[in-house]
């Protein structure tokens, strides 16, 4: 067989142009597909259906972690330690050189191992998102990964699929295919039987089978892949890293410049002493672990998100999710269960001689019996026996749903040999199909409105005979049969999740294709408000007179949702919100949602989304419902909080080391040992690595990188700690305060013992600072993670042991005993407490909200009192008054000035009372009665397919 396929492998046969029957001959296959064994054999010949992956050298990847601006500074310090530090009759500083190299290797090793683990975990997760396809093997259809496809396979292509390989279409209705990613064509191309479709293009309409003619690198896309620009854009996260790194490097440069100017021309210090002082600033000031800590934190966070049912395709989407303040959510399946049921008693029949059960049967016949969507499953499931949907008939042709026609249809032959068609779909489309008269349209619209007031969707059914007995014929005129009510109950957790979202500062807007009345009713039930508008208002059309003067941007920003929405409206909503500086999330599941998902800051493909929607999204949900998204927001904020905590810590330590040791060196000409700074840096890095798993409180508001806050906090905290160290040095080295007060031995005149004391003081406070930066409230009230706590105490036991017992001549230290160690710990603890107060003061100056953290550990997501609940109640009251025909104030004054809420609260309370009365009335309707009886009998209305009272 291999020799027979050589021409195909070498591309000597033009499978794109030859007749379709010759394609089967050349590929040595049939319309029945390949066998499993033949598929495996061909996989060895043609290779997997994926592009070649670039193999990266592990060694080069490892060395790459030493190639960034922060590492360059450390490498410069290492060279300096042996090339420049050999003056004054002293040998090169080999200890510092080896220590710096060890520090670089340790950081690179941790980065390499963690990124490798994260990469493997991400690869495993992404494998679950790998494109899948329906393939015919061994005479059976099954869903397989697209990578196993080989030339000769028969595949099924339907709406929303990304075409898995180059293929020729077989018999069936034409497809509409979006090839813009490959050819640049903006409009979908129509492809009929026998024509070629390319791998990577998206099916926009239709359903058909095809024979695969090329896979992997042999496809049109595979050949062009090397032309695709693979340049990585510098993301926002990388820009932040660069800005913080540059700030630290500039701070060190300032410190070094001041030291050089003062030490050599003014103080005329020895060359080697000056080099040691410069090494201290270079080694201690550079946050060498920053890229490692932040990358590891993000990788671990991404893994945690996947465990919660949210797979991140783009790592930096985590920081955008943390800052999201508007979520545009689909209704069906996200806010509701997408478990549809039909109340038979409410079915309206418009055709003489037809019973309600027959309307249901027609709807079931116009549904799939396999590979069903929610509506198909509901229709077939309502039959006494699902087999009735195809009982006594022979299926000729099924027209699948598409976003343009918004209907499905089945052509079939009955037991008498007569041809018929039935169709179900959106009422407006079915009415147009039947060329319905004005009086019929009026009656149908009245029924639809009646359903909508109860939150029920409408599905219309029609039928026709086909005298010509061919599937291509138009048939006799269509007859409008009836309308069915569909009830899609809200998820049990949706109302609570929306309340949580509001408390977190995320405004949830419902974006639905359903009618306005249904959207308002669902919004009312979920407590998200009924301030909703039809999609036509987005284009400035059909606005009420009261809101005609409101700009579209304001309308989108203030609305609780929009109904009757098409994909182009979703894109417009996202665009306008982004223009108003909102960080916007958008959920979607269909191929037509892809542009809006791409445009949104965070595109979220919901569970069971099409391949096209998944491809355009940043985050793919593996579980249904809004609660997954809100959990992901909380987790993202926790991840972001860890990263922000570390950056503040890194800036603070740089300022503290640079200016603390610079002042000591210049004022008292005391030269701290570069080796001891290395020990501090190594212990700090070991402790700080655990921050990626720290227990943190997520921010109660949408969070983002605020460099002003990071730098301001870092400078103030670092400056305070530098002064604290300088004061300690002065008190211990130049006065008898500590010996007189605590009866410890005098360190004056003993430089080596002073070195040990100074080392311990710097080590304790440097690491203790992380507890201040990691907490939003008092640092001693927010319990840290166990790993961080253990790492801190282990590092401090080592540091204390070195200070107490160390006697290293090369590092110029000598043990100071437990008495001095206790004094230094006491000094550090006493001067630790003001750090929290300074943190609050900086936040208060910058944002004016930090004092709320001191009082109740909570920051409101808005400056409005009670989370703006009064404003929402006022809008809700406005809608209720309109509903009941009461007089309203001008729309422009719906949101009043401060102080006018009391009156509106009273209006809201009155409206609520009227709403409660309306609900009581609703209980006396048939649907309300059914729900009451079902509840009394202890049945679950969500799981019950249907119930008869």
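Backbone N, Cα and C atoms are what each Cβ position is placed from, and that goes for glycine too.
The feature active site, 4-aspartylphosphate intermediate is assigned by Swiss-Prot to 330, with similarity to another entry given as support. Residues or ranges marked as Mg(2+) binding site in Swiss-Prot (evidence: similarity to another entry): 589, 593. Sequence annotations record features per position, and here Swiss-Prot assigns phosphothreonine to 882, 948. The annotation phosphoserine is assigned in Swiss-Prot to 932. The topological domain 'Cytoplasmic' annotation in Swiss-Prot covers 1-62, 116-244, 293-644, 695-710, 774-785, 836-949. According to Swiss-Prot, the topological domain 'Extracellular' annotation covers 83-94, 266-274, 667-671, 732-752, 807-814. The transmembrane segment annotation in Swiss-Prot covers 63-82, 95-115, 245-265, 275-292, 645-666, 672-694, 711-731, 753-773, 786-806, 815-835 and rests on sequence analysis.
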Among all the protein chains here, how many other CB atoms are within 10 A of the CB of residue 593 (Mg(2+) binding site)?
-> 28
Nearest-integer angstrom distance between the alpha carbons (Cα) of residue 589 (Mg(2+) binding site) and residue 330 (active site, 4-aspartylphosphate intermediate) | 9
Round to the nearest Å and give the CA-to-CA distance linking residue 330 (active site, 4-aspartylphosphate intermediate) with residue 593 (Mg(2+) binding site).
-> 11
Taking pairs 6 or more apart in sequence, does the count of Cβ pairs under 8 Å between the transmembrane segment (245-265) and the transmembrane segment (63-82) hit 3 or more?
-> yes
Residues of the same chain, at least six outside the transmembrane segment (711-731), with any C-beta under 8 angstroms of its C-beta?
-> 247, 648, 650-656, 658-660, 663-664, 667-668, 670, 737-738, 754, 758, 761-762, 765-766, 769, 772-773, 824, 827, 831, 834-835, 838-839, 842-843, 846
Using DSSP reduced to three states, classify residue 589 (Mg(2+) binding site) as helix, strand or coil.
-> coil
Can you name the far-off residues of the same chain, 6+ from the ends of the transmembrane segment (63-82), with a Cβ under 8 Å from a Cβ of it?
-> 92-94, 96-97, 100-101, 103-104, 107-108, 111-112, 242, 245-246, 248-249, 252, 275, 278-279, 282-283, 286-288, 290-292, 674
Cβ-Cβ under 8 Å with the transmembrane segment (645-666): same-chain residues at least 6 beyond its ends | 240, 244, 247-248, 251-252, 254-255, 258-259, 262-263, 267, 277, 280-281, 284-287, 290, 293-294, 297, 672, 677, 684, 688, 691, 694, 696, 710-711, 713-715, 717-719, 721-723, 725-726, 729, 758, 762, 765-766, 769-770, 773-774
Pull the DSSP breakdown for the topological domain 'Extracellular' (807-814) and write it out as helix, strand, coil residue counts.
-> 0 helix, 4 strand, 4 coil
Confidence summary for the topological domain 'Cytoplasmic' (116-244), mean pLDDT rounded = 77
Contact set of the topological domain 'Extracellular' (807-814) with the rest of its chain, CB cutoff 8 A exclusive, min separation 6+ beyond the ends, reads 95, 673, 675-676, 750-753, 755-756, 759
Long-range Cβ contacts under 8 Å made by the topological domain 'Cytoplasmic' (695-710), restricted to residues 6 or more beyond its ends, are 236, 240, 243-244, 319, 322-325, 503-506, 583, 634-635, 637-638, 640-642, 644-645, 647-648, 651, 774-776, 782-785, 842-843, 846-847, 857-861
Long-range CB partners for the topological domain 'Extracellular' (732-752) (under 8 A, at least six residues beyond its ends), listed in sequence order, are 668, 670, 758, 812-814, 816-817, 819-820, 822-823
Determine which residues of the chain contact the topological domain 'Extracellular' (667-671) at the Cβ level, with the cut-off under 8 Å and only residues 6 or more beyond its ends counted.
-> 267, 269, 273, 276-277, 726, 729-730, 733-734, 751, 754
What is the number of residues in the topological domain 'Cytoplasmic' (774-785) that are helix, strand and coil, as DSSP sees it?
-> 0 helix, 0 strand, 12 coil
Per DSSP, what is the residue count of the topological domain 'Cytoplasmic' (1-62) in each of helix, strand and coil?
-> 31 helix, 1 strand, 30 coil
